[in-house]
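These come from Swiss-Prot:
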type   : residues : note
DOMAIN : 15-92    : domain 'GIY-YIG'
DOMAIN : 197-232  : domain 'UVR'
Amino acid sequence: MATEHIENKLKLLPDKPGCYLMKDINGNVIYVGKSKNLKNRVRSYFKSKQVGRRAELVREIRDFDIITVSSDKESFLLEITLIKKYQPYYNVQLKQGTGYPYIEITNERDPQTRLTSFVHKDHGYYFGPYPNVYAAQATLKFIQKVWPLRRCSGHQGRPCLYYHMGQCLGACFKEVPKSAYDKQIRKIKRFLNGDISQVKQDLTEKMTQASMNLEFERAAEFRDQLKYIEQTVEKQKIISNDHTQRDIFNFYVDKSWISIQVFFLRQAKLLRRETRLFPLTDTNEPQDAFVSFIAQFYGQRNRVLPKEVLVPAGIDNEALAEVLGVAVRTPQRGQKRALLEMAHDNAKLKLDEKFRLLELGNRKTKGAQKEIFDALGLPYGHRIESFDHSHIQGADPVSALVVFTDGEPDKHEYRKYKLKGEVEHQNAADEVGNTREVVRRRYSRLLKEHKKMPDLILMDGGQIQVDACLDVLRNELNVNIPVAGMVKDDHHRTNHLIFGDPTQGEELKLIPLNPKSEGFYLMTRIQDEVHRFAITFHRRTHAKNALSSKLDEIKGIGPKSRNKLLRKFGSLKKIKEASIEELRDAGLTLPQAQTVKLSL
């Protein structure tokens, strides 16, 4: 529902192209969009029913601004600028950096080759990124052996170790001609761009010559270099007839999600690929999200632009090319078209996979919870609450509540209760008293605060706990929540549910669940979780009470001093280990600190 302020602004919208900026209650830009007609597009957010991520966006909008431009192309360019500036939450967001290394030929008087994770705009040469760090290291090592540049810090006044190994041109002790570097760099670039035939020929000739000169170690080194090329470079599948550095983008949309696939072609080979999945804010214009992704993709710190970008039809190639500064094309036939379709198929495959995994997850969560409700003959409910009690021969009795929503634990909703009733022995009457107290406290509070009740209560126990819970709900609170008990067998293993409502004249019945079903697994998981939560809380409570009792026995230590020690140290062991000075830092006087040390 649009506010009066927004309604008034909607009446003033022009029929022009431009960008709109949606803002939240704090004035922060949470979404940037563009349109050929601002009036129609912006009004659509508030004048029609929204679903999914777009509905979430609309709920947060408290204001908006517009910027008009003269053409759709200008609005696209402006949108990219605004997204970079504001990084809005509801626009496609990309993490910075790729984490993959590049091979760099540095832009220096005495250049060197090295691995780097950072791309600097210094006009150096960058090749990559390489998804396999070890392959990148091996390639760099090969280059440094075959076409050495500078490997030392330079200008040392004496030859470095690498010079003696033939892996440095000698900048360490002499001036190396620029032409010598240029010659090596041309060969390195040719190799990294996929032209390896000449390299293999040169290495074969050197290996043959070394063998003829009886330099067998050197011949073996050339042999290993040839082997590296054959195993690491040549084994990569050639998927293009030219060596143009090319990135291929395509996308697939389903169920308000977009899947984007990126292929990186280097040296006529598919170097690597990336997949990104995002929920769409504007499902009517997925192309906008796709183009925004590409622009942000190359705006990241460690991205090197290729020579060419391929995109599907329906994209404003001219505007995108202006943003990127490289050619953007849509092939109509041939090998490039096939690669573009391959990217689309892979994008679809990834999104289908995501939905299948979600479906499998739902079977284990929401589907499992439905099995429990079906077994009890109840309509599906989203929320299950479960109780368990814990005490040691009646000492420090506590109860714990866990909540499962659609088959998943909702730990923010867990609650712990210190029971106030006096318990002398662990028997049936104690369980009844504990159950009645915690159920009364829990649901009387929900009634008082007008909060939503659960759809099912599962008691960790049998008829005793179920009867006590139902008696409080029906006869004291007048609340109609289904209650079932999780019953264990003689081996303390969950066996079945017990369900019915004696307050309504229904007999409690045993309800079996298939031990191999997801519903049975969820029931045991709930039982284990509430038991764990209750036991953990009881141990802490018991330890704290035992510590308090021990401190109460020390003469001169009253409730205030005891609480100071509990807050500072938390355990009897730590208090014992504390020095006089540390005890005084906790707020005790010197005589009190000395008394504590002597008493413990």
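Glycine too: its Cβ is placed from the backbone N, Cα and C atoms.
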PLDDT averaged over every residue in the domain 'UVR' (197-232): 81
Tally of residues which DSSP labels helix, strand or coil - the domain 'GIY-YIG' (15-92): 34 helix, 19 strand, 25 coil
Number of helical, extended and coil residues in the domain 'UVR' (197-232), per DSSP: 33 helix, 0 strand, 3 coil
